[in-house]
Amino acid sequence: MEIPPSGDSPRTRFFETCCRYFRDDPPKGDFAVQKKSPKLCGSNYPLSIAFIVVNEFCERFSYYGMRAVLTLYFLSFFHWDENLSTAVYHAFSALCYFTPVIGAIMADSWLGKYKTIIYLSIVYVVGHLIKSVGAIPSLGNQVVHVILSMVGLFLIALGTGGIKPCVSAFGGDQFEEEHTSERSKFFSIFYLSINAGSLISTFVTPVLRGDVKCFGEDCYALAFGVPAALMVLALVVFIAGSGLYRKTPPQGNVLLEVCKCIGFAIKNRLKNRSRQIPKREHWLDWASEKYSKQLIGEVKMVTRVLFLFIPLPMFWALFDQQGSRWTLQATKMNADFGIYVLQPDQMQFLNPLLILVFIPIFDLGLYPLINMCKFNFTPIRKMATGMILAGMAFGLAAVVELKINETDMPQLVPEESLIRVLNLAKNPVQVTIQDRDLFQQPVEAFQNPAEYSKLILNGEQQSLHFTLQHQGLSLAFNYTVKEKSVYSLIVFEAEGSLSSRLITDLEAKPENGLAAVRFINGLSQDVNLSIDSKRFIAVQKNYSASEYSLLERDKYNNGKCITEMGEFTLELGLLDFGASYTIVITNVSGGDVKTWKSEDIKANNVHMAWQLPQYLLISAGEVMFSITGLAFSYSQSPASMKSVLQAGWLLTVAVGNTLVLVVAQAAPMAQWAEFVLFTVLLFAVCIIFSVMGYFYVSVDPEDLEEKEEKRETSSRGNMISLVTQKTKL
């Protein structure tokens, strides 16, 4: 199968490998089913490829759409913490890159490509359906949801990984051998369909999750259900073209042969460790008792390149965090772009979009310009540059994370709490806490509260004596304060005298960019509040406080406040991303409710647009690293071994995701520190890779094969000469 140059590929990583993975040349000779497919509009393009392209678009929409919302699903639906959500996300991603080996072995050694695609697509569909059902809140408890989701994800990983090495190769099989140029153009169309599916789904699916509400919350069932429907459509379309396909029988799997050859060489070497046994030039030569010199020579070429692959997983460890850590970072940012409010998981669509933009810019502009400057920009240097760009992207992510943390609540430690004062009385109040030097200045009436003050305790909890001085009077109150808690001391006038109440505040920002709001009823009668058509809150009289309610970021000016005197309009104004508010109902007049709004926790003030530079850098890094790496590895392997190198390339992605899983679970740390850690690790790996690349000598596999053939011919010639001499004697 002919592989288009790297510049012809509009997407990387996922689909740049699927067409090259396990069978590089179409089988020659007679097939079990060998037919000429009808052509498209009189061209040399088989009609069958239309079904394959549509199938691939739907399948990629299905996969990327489901994966786009996966991290927030773990965080919001299962209420897992960020580290566990990240770990499971990357475990799933790693499995998706391990399973192509299974699919390739099934296709090449057992079922053939067509049946493998059909059977594993059915598994894929079942996984999607189970995953969608598991996202219905009313179906069972959380244990049921987790079990269904994990089973669904496992089947999805088996399905998407299993068909990855088969679909594009099956598309290449549809062309007759003389139509090589049409086959190359087919791959460009094939990649375009993949990119279109990825781009559209990563933008649309988060909208289905966040903007559509079902069961009273984000509609994850719909967000997973639509990709499931697309996968069903992909399977139906693929089966519909069954009568048009050229179906080739299994040809045997070269990867298994390579693994057996390497295993036999190692085993044979360990058996023959005696010093009396002559050493061999290369450790793979110990397989010569069982395998041909040609196979051993080709395996030697492959192992040289696979050795260079060792540092590569670190790049993928950073790259694939776009769907986990970077999405979680986006939930803590301001997503209002004026004309449109982005969902945090929608930012991932920038990557496929930027890839489409960067590939022609790099191939037609940047690389020719560098060549004009007489700089030898080798593939190794391009890949190292891609690593540097990805490391810089994570350095920027660390800076953004530090800015985000400025609006976070302080992290509390044992025997420590936070407290502030809300003065709802008509005059200034001086607050004194026993043996504490806090609130040195009087708190004005309805004064916007200052930052929380730190309260040091003597144990897990402590009873503290509070003194309030108001208009020459001094009042004392005792309250029990617990460690690692946040409090507001409400001071108010009730029945002509000063009183107070200690209420508990939120200890951290609301998750996923939601806003939190609670109400304090300053009226002498109970009130019933409706913020929107679905949310109703009852608050008792005399400065009682409601629980916090979580709301989407929006302006809420059409609420209702129902009292004994009637129904009044309730205007709350903008409740912003990640903020927490206390709204005090002070009085009712003129048909409106008078309120006072206090911001307990500051809103997210770092705009999501600040993630754009890091997406630009890592997308540019992907173009330089991934496309160049694939073209380089393809050029350095013999024709029969290209599929083995593609297997090795996919496994670097799997190992990279495994590294993230390990870091997230084994070494939890502040998020900015983790970004810095990955930056340092990638820079260190880049240095190692550059040194390895410096000593690597590029080869032309065809030249090596010719030399090997000449050497064997010469060797056979000598052997014939010896035999002839013996015969004469």
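Every residue, even glycine, has its Cβ placed from backbone N, Cα and C.
According to TrEMBL, the protein has these features:
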- 86-105: transmembrane segment (TRANSMEM)
- 117-137: transmembrane segment (TRANSMEM)
- 143-167: transmembrane segment (TRANSMEM)
- 188-208: transmembrane segment (TRANSMEM)
- 220-245: transmembrane segment (TRANSMEM)
- 301-319: transmembrane segment (TRANSMEM)
- 349-370: transmembrane segment (TRANSMEM)
- 382-400: transmembrane segment (TRANSMEM)
- 615-635: transmembrane segment (TRANSMEM)
- 647-669: transmembrane segment (TRANSMEM)
- 675-697: transmembrane segment (TRANSMEM)
Stretch with greatest number of CB pairs under 8 Å, the transmembrane segment (675-697) reference, 220-245, 301-319, 615-635, 647-669 candidates: 301-319
Non-local residues, at least 6 beyond the ends, that sit with Cβ under 8 Å of the transmembrane segment (647-669): 13, 17, 21-22, 83-84, 86-87, 90-91, 93-98, 100-101, 104, 164, 255, 302, 305-306, 309, 312-321, 324, 629-630, 633, 677-678
Any contact, the transmembrane segment (188-208) to the transmembrane segment (615-635), with at least 3 Cβ pairs under 8 A: no
Stretch of maximal Cβ-Cβ contact with the transmembrane segment (301-319) [cut-off: under 8 Å; candidates 86-105, 117-137, 143-167, 220-245, 382-400]: 382-400
Surrounding residues of the transmembrane segment (220-245) on its own chain - C-beta under 8 Å, 6+ positions past either end: 37-38, 46-48, 50-52, 54-59, 61-63, 65-66, 69, 73, 77, 114, 117-118, 121-122, 124-125, 128-129, 131-133, 135-136, 170, 174, 201, 204-206, 208-209, 212, 214
Leading stretch by Cβ pairs under 8 Å, where the reference is the transmembrane segment (86-105) and the options are 117-137, 143-167, 382-400: 143-167
Residues of the parent chain within Cβ reach of the transmembrane segment (117-137), under 8 Å, 6 or more residues beyond its termini: 59, 62, 66, 73, 77, 103, 106, 111, 144-149, 151-160, 162-163, 166-167, 170, 215, 217, 220-221, 223-225, 227-228, 231-232, 234-235, 238-239
